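Swiss-Prot annotations:
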- D9, H11, D43, H199: Mn(2+) 1 binding site (BINDING)
- D43, N81, H116, H197: Mn(2+) 2 binding site (BINDING)
- N81, R82, D124, S162, K166, K169, H197: substrate binding site (BINDING)
Amino acid sequence: MKPAYFISDLHLSEKHPELTALLLRFLRSSAAGQARAIYILGDLFDFWVGDDEVSELNTSVAREIRKLSDKGVAVFFVRGNRDFLIGQDFCRQAGMTLLPDYSVLDLFGCKTLICHGDTLCTDDRAYQRFRKIVHRKRLQKLFLMLPLKWRTRLAAKIRRVSKMEKQVKPADIMDVNAAFTARQVRAFNAERLIHGHTHREHIHHENGFTRIVLGDWHNDYASILRVDGDGAVFVPLEKY
């Protein structure tokens, strides 16, 4: 059977065209074109201030994803902490299906829970409070009513503050909370969990389930997980 591919945390921006080039290379590969599905688990973009922002970056990415969709490859998207404002308009343009924060898939007989991963980092209480605020629908609606230029400036300011805070945060609170994560997996009756966000690429064999962490993309490295009937494995982009 055709494999499924999982990617996350590309953090695409005009400042890093090499990352966009990596993504386009993957999307144009024969492997992607022959996949049963591709799942993008958040932070595809480094920031997102609304579907009404039109740029060469956004347009080119949407165009290449749409080409895969038009070939019959199902493409799914889960919002991340950087691009949580991506809406149905952009997803329709790209031919992607927008998924909720948590979804359960039947992958080759293995019940698999997928999410971005930020909701699992419950020890970072300051972030969880911030997340709760910015995910309020009324606040998002008000933000999206602002002029695009204002939204861009606000997003840049928030990113600067977030970067400074991250430099002084203990590393352990920026990882998933093991007990909470295990409870979530059990609540969804899953055998496997796939998530991103922490940038700590690894396949963990936990008590009763497998937890697969997608890595971030940087320089000439792309973290791509292939899942098929034989299991799950990270495959270098060079093989595509």
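Glycine is no exception: its Cβ is also placed from the backbone N, Cα and C atoms.
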Exercise for the section: Compare the Cα of K169 (substrate binding site) against each of the binding-site residues H11, H116, H199 and report the nearest. Expected result: H199
Completion exercise
Taking only the CA atoms, the spacing between R82 (substrate binding site) and H197 (Mn(2+) 2 binding site), expressed in whole angstrom, is 10
Completion exercise
Those same-chain residues, other than D43, N81, H116, H197, found with Cβ within 8 Å of the centroid of the Mn(2+) 2-site Cβ atoms are S8, D9, L41, G42, R79, G80, R82, G117, D118, G196
Handout entry: Shell of the Mn(2+) 1 site beyond D9, H11, D43, H199, same chain only (C-beta within 8 angstroms of their C-beta centre)
Key = S8, L10, G42, G80, R82, G196, H197, D216, W217
Completion exercise
Smallest Cα-Cα separation from H11 (Mn(2+) 1 binding site) among the binding-site residues N81, H116, K166 is shown by N81
Exercise for the section: Filter the binding-site residues D9, D124, S162, K166 down to the ones within 10 angstroms of H197 (Mn(2+) 2 binding site), Cα to Cα, kept in sequence order. Expected result: D9
Fill in the blank from the handout: Students should find that the Cβ of R82 (substrate binding site) has, within 10 Å, a number of other Cβ atoms equal to 25
Practice task
Could you round the CA separation between N81 (Mn(2+) 2 binding site) and D43 (Mn(2+) 1 binding site) to a whole angstrom and send it over?
Solution key: 7
Practice task
Report, in whole Å, the straight Cα-to-Cα distance of H116 (Mn(2+) 2 binding site) from H199 (Mn(2+) 1 binding site).
Solution key: 11
